[in-house]
Amino acid sequence: MSCYRQFSEEMSKLFRAVIMGPPGSGKGTISERIAHSFGLKHLSSGDFVRENIAAKTEAGVQAKTYIKKGLLVPDHVMTRLLLPRLEEMTKYSWLLDGFPRTLAQAKALNSACDLDVAINLNIPLETLKERLRHRWIHPPSGRVYNMCFNPPRVQGIDDITGDPLIQQEDDRPEALVARLRHYKDVAKPVTDFYKAKGILYTFSDTETDRIWPNISTLLNTKIPTIQSDARCASTH
């Protein structure tokens, strides 16, 4: 039996989901709420990349060379970073944030496990532009601040480390439209893939607090049944 096949069968009794959305759509905020409300592991692809770079793994070193050049980490490197970590999560229900970004990544993930839900956040362009205009980040940790609704305690300074915050070049207005257009082009095959599998759920609004109740309602109908099935199976 292949490790991926065994991995798939071990995970078949647990709940697993992905969350997708353009930059500024609120994926991180909603992921944290889901993890807190439903007891899922929140797995961030960005965290995995930073951990591998810090640990100087082979895939981490490869990823760093692309990031330093301002390039997206290619599919084969992202897959090498992510799938081994998911193999370590066979006993947990989880929500994956930031992966897959492309159809190739979605197919690689599909070969490793069967997803129960794919959440897609559809946020109007003007809302995204406004959010990203106020977004500042702490690059080493990936912590994100918004000067309007999630500001740091001291302006321009990370709450935890005291390091200076930066605004990413591609969050600036002149780069943003092209960045969002690229996201839409790349994401559509992924959402089509999950739609065809019957697990895509799209949520549209301008505010996270209005989207959240609908996501919570959906997951309340999905997770208890699956968790109950897992408990029953473990008694046999």
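Using the three backbone atoms N, Cα and C, a Cβ is placed for every residue, glycine included.
Listed in TrEMBL:
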BINDING   Gly24, Ser25, Gly26, Lys27, Gly28, Thr29, Arg135, Val144, Tyr145, Thr208  ribonucleoside 5'-triphosphate binding site
REGION    44-73  region 'NMPbind'
BINDING   Ser45, Arg50, Leu71, Leu72, Val73, Gly98, Phe99, Pro100, Arg101, Gln105, Arg179  AMP binding site
REGION    134-171  region 'LID'
DOMAIN    135-170  domain 'Adenylate kinase active site lid'
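The binding-site residues considered are Gly24, Gly28; of these, Gly28 has the fewest other C-beta atoms within 10 angstroms of its C-beta.
In space, Ser45 is the closest of the binding-site residues Ser45, Leu71, Val73, Phe99 to Tyr145 (ribonucleoside 5'-triphosphate binding site), judged by Cα positions. Rounded to a whole number, the C-alpha distance linking Arg101 (AMP binding site) with Gly26 (ribonucleoside 5'-triphosphate binding site) is 16 angstrom. Listed in sequence order, Leu121, Ile123, Arg131, Thr208, Ile211 are the same-chain residues six or more apart from Gly26 (ribonucleoside 5'-triphosphate binding site) with CB atoms under 8 A from its CB. Counting in whole angstrom, Gly24 (ribonucleoside 5'-triphosphate binding site) lies 19 from Leu71 (AMP binding site) by their C-alpha atoms. Using a 10 Å radius centred on the Cβ of Ser45 (AMP binding site) and all shown protein chains, the other Cβ atoms total 20. Cα to Cα, Val73 (AMP binding site) and Arg135 (ribonucleoside 5'-triphosphate binding site) are separated by 22 Å. Taking each Cβ in turn and tallying the other Cβ atoms within 10 Å, the top scorer among the binding-site residues Leu71, Val73 is Val73. The C-beta environment of Phe99 (AMP binding site), restricted to residues of the same chain at least 6 apart in sequence and closer than 8 Å, consists of Val18, Ser45, Met78, Leu82, Gln105, Leu109. Across the region 'NMPbind' (44-73), the DSSP tally of helix, strand and coil residues reads 22 helix, 1 strand, 7 coil. Model confidence over the region 'NMPbind' (44-73) is summarised by a mean pLDDT of 90. Counted within 10 Å of its Cβ, the other Cβ atoms near Tyr145 (ribonucleoside 5'-triphosphate binding site) come to 21, all protein chains included.
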